[in-house]
Amino acid sequence: MSPEKAPRQDYPGAGTVGEFCAHLANERRLSPNTVRNYEEALRDFARWAENACGFRGDFASISRRDVRDFVIERGRGNAPLSRRTLHNHVSALRTFFLWLRRKGRLAASPLTGVVLPKLPKTLPKFLTEQQAAELLAMPQQAFEEGLVDEAQCLRDRAALETLYGGGLRVGELCGLTAEAIDFSAGTARVLGKGGKTRVVPVGGAALDALRALAKAQGGAARGAPLFRGKSGKPLSPAAVQRQLKKYLALAGLPTDITPHKLRHSCATHMLDRGADLRLVQEQLGHASLSTTQIYTHVTLARLKSAYKKAHPRA
């Protein structure tokens, strides 16, 4: 991080927060605005902890009770944070303490098992890009917090990345076999509605997750399900929904988001970034273009809303 963007040093633990922000900027390559939001959240917590429990900069001294008290007080005090802001603060704390743990500065995160504050149920028909990123990080965080084992982490991460990255229906995901993934081409061969097969790209993040899953599974028999439970049988759509709900709750996102809404999110985000409507139709396996056109209404509505808020002559 450049000197002019370095975190302020007027609170305990600012030096450690500065290291973390440099990690976010230089290694994770997050935007300056996102890094600033992390720093503001951590500064707010450090100042609160200084007054509430005598915090002097050693983050290893922070307990789960401290975090719980922070959430309660900052949500109900004289100047309460909005649910969205409090959610973002706790999310930043979770990421920060996991980073400290990876660096060997903590034995365990005080946020282990802490569920993020729920947001108001103004449910979107799709996740925002930021919400999708938060959700997709949850299997790894759950593993690092000891909430799932490594095998489940690898499976669930690959499943969520493939649902979102490829825009698959949940039944299509459950029907994937190991040989359906072509790592050299970056595609998946999907058996869709009506027994129709299509080949779709799934994205680099999904491929990385699928590669890790395949390596962990070893040589699977031909035709064996890629996503399976402990019995070896393929995951059912209901099982995928249960796992998704668990990770949504952990991320503090609405828990009635369904796997199909990850498919909606894939289509909406592709169109938001300029994808051709017919290419999105092929990606989703829609028989009719009119089905895909529904998503243009969503993106147009978002455009009109943004225009109304931002344009001086709106």
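Each residue, glycine too, has its Cβ placed from N, Cα and C.
Here is what TrEMBL says about this protein:
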DOMAIN    11-101  domain 'Core-binding (CB)'
DOMAIN    122-308  domain 'Tyr recombinase'
ACT_SITE  R169  active site
ACT_SITE  K193  active site
ACT_SITE  H260  active site
ACT_SITE  R263  active site
ACT_SITE  H286  active site
ACT_SITE  Y295  active site, O-(3'-phospho-DNA)-tyrosine intermediate
The domain 'Core-binding (CB)' (11-101): DSSP-derived helix, strand, coil residue counts: 70 helix, 0 strand, 21 coil
Which same-chain residues, if any, lie at least 6 apart from R169 (active site) yet have Cβ under 8 Å of it: G192, K193, P259, H260, R263, G285
Rounded distance in angstrom between the Cα atoms of Y295 (active site, O-(3'-phospho-DNA)-tyrosine intermediate) and H286 (active site): 12
H286 (active site): tally of other CB atoms within 10 A of its CB: 19
Cβ-based isolation winner (fewest other Cβ atoms within 10 Å) among the active-site residues K193, H260, R263: K193
Around the Cβ of Y295 (active site, O-(3'-phospho-DNA)-tyrosine intermediate), the count of other Cβ atoms that are within 10 Å: 25
